[in-house]
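S.K.: One structure, as structure tokens, below. Some questions next.
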């Protein structure tokens with residue numbers, strides 16, 4: 001027995017390692033530490049936006065990484081007066097009403113006769129500036145439209161980081177206001193919808209801008225489209241929560257899930273106004289959220305193809321608007337490649353491939369009228385860009401207005 005035990009102990013002491021080959025070796029993609037999508041987005045933005053914005057980038061960067069400010073878009077179909085009183089009690093202010101006061105003050109300063117065709121000459125705040133007659137008329141009409149806007153959106157003052165409470169339902173089951181990035185209303189205001197217009201919202205979901213279009217109370221007919229059926233379902237829910245049934249009847253509002261790139265073939269030269277709020281890198285979301293992040297490795301190809309998709313959607317929108325109608329292109333990205341470059345490329349393609357001639361419209365008056373609420377980047381070649389700032393943490397929001405001539 002003792003001999004057997006001694007033999008076993010010797011075997012244990014004399015044991016050695018043996019190497020085995022496995023059928024598969026571990027892949028490097030599963031063994032390397034995973035970098036969060038938000039970190040990848042930040043690295044990408046640091047490389048690109050530091051070159052684009054220079055010394056402004058550190059300020060924009062910290063603002064993007066900080067909690068966003070919201071605006072409360074008042075539901076005109078609810079008990080508006082009660083809602084206005086409640087929001088005013090929170091020390092919030094209607095930024096659109098404040099802009100209208102600025103316009104009124106400028107008209108008074110320049111002794112403008114509002115009964116005649118308004119021409120802003122020698123405006124000290126350079127709302128119109130040195131423009132030809134056509135551009136002057138366009139700027140004047142846009143300011144006049146802003147003065148008469150029925151949209152109401154409350155925001156807290158610069159530096160005030162208060163939050164709005166969740167909206168409540170009124171006695172008819174409609175929510176009182178919609179919380180959104182207040183800068184998202186600027187493309188809707190730029191669209192200058194007049195009474196009786198037919199309007200196309202080409203990429204409508206999740207529904208904030210679509211709701212704002214209906215709140216103008218000027219849309220005779222609104223077509224709201226989004227390729228994603230799940231996002232279209234969310235759009236349905238938003239409209240059901242804020243808009244009475246008779247105001248979203250089939251002859252007034254149509255919701256579809258078609259490929260927006262085909263709209264120029266489906267309904268060419270049909271609409272008075274078209275909003276093209278395209279899919280983009282959604283810069284703020286990409287920095288703060290991991291879920292559904294465009295910077296996920298499996299979505300690399302999709303992200304790289306964004307400028308092409310955006311260009312195709314804008315060309316489709318330009319074809320869908322009638323001659324004399326207007327298109328507003330917008331993104332929630334700071335990227336010059338997704339903003340100005342897309343606009344310029346779409347203008348070229350629309351002309352060469354489809355014979356559609358368009359002209360960018362001057363929106364510089366927005367910078368002056370809304371400067372108390374938003375921070376604007378001053379060096380866009382076309383369009384306007386709201387950049388986040390710690391005291392006014394809205395955006396990013398790029399928007400550009402295009403007039404179809406032919």
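Including glycine, each Cβ sits where the backbone N, Cα and C put it.
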S.K.: Need a hand: Swiss-Prot gives 207, 208, 209, 226, 231, 259, 260 for S-adenosyl-L-methionine, which of 170, 192, 277, 283 is also on that list?
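M.R.: As annotated by Swiss-Prot, 207, 208, 209, 226, 231, 259, 260 share the S-adenosyl-L-methionine site with 277, chosen from 170, 192, 277, 283.
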S.K.: Whole-number Å only: compute the distance from the Cα of residue 260 (S-adenosyl-L-methionine binding site) to the Cα of residue 332 (active site, nucleophile).
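M.R.: That separation, Cα to Cα, works out to 18 Å.
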S.K.: If you draw a 10 Å sphere on the Cβ of residue 209 (S-adenosyl-L-methionine binding site), how many other Cβ atoms land inside?
M.R.: 23
S.K.: Measure from the CA atom of residue 332 (active site, nucleophile) to the CA atom of residue 226 (S-adenosyl-L-methionine binding site) and give the result in Å, rounded to a whole number.
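M.R.: Rounded to the nearest whole number, the Cα-Cα distance is 17 Å.
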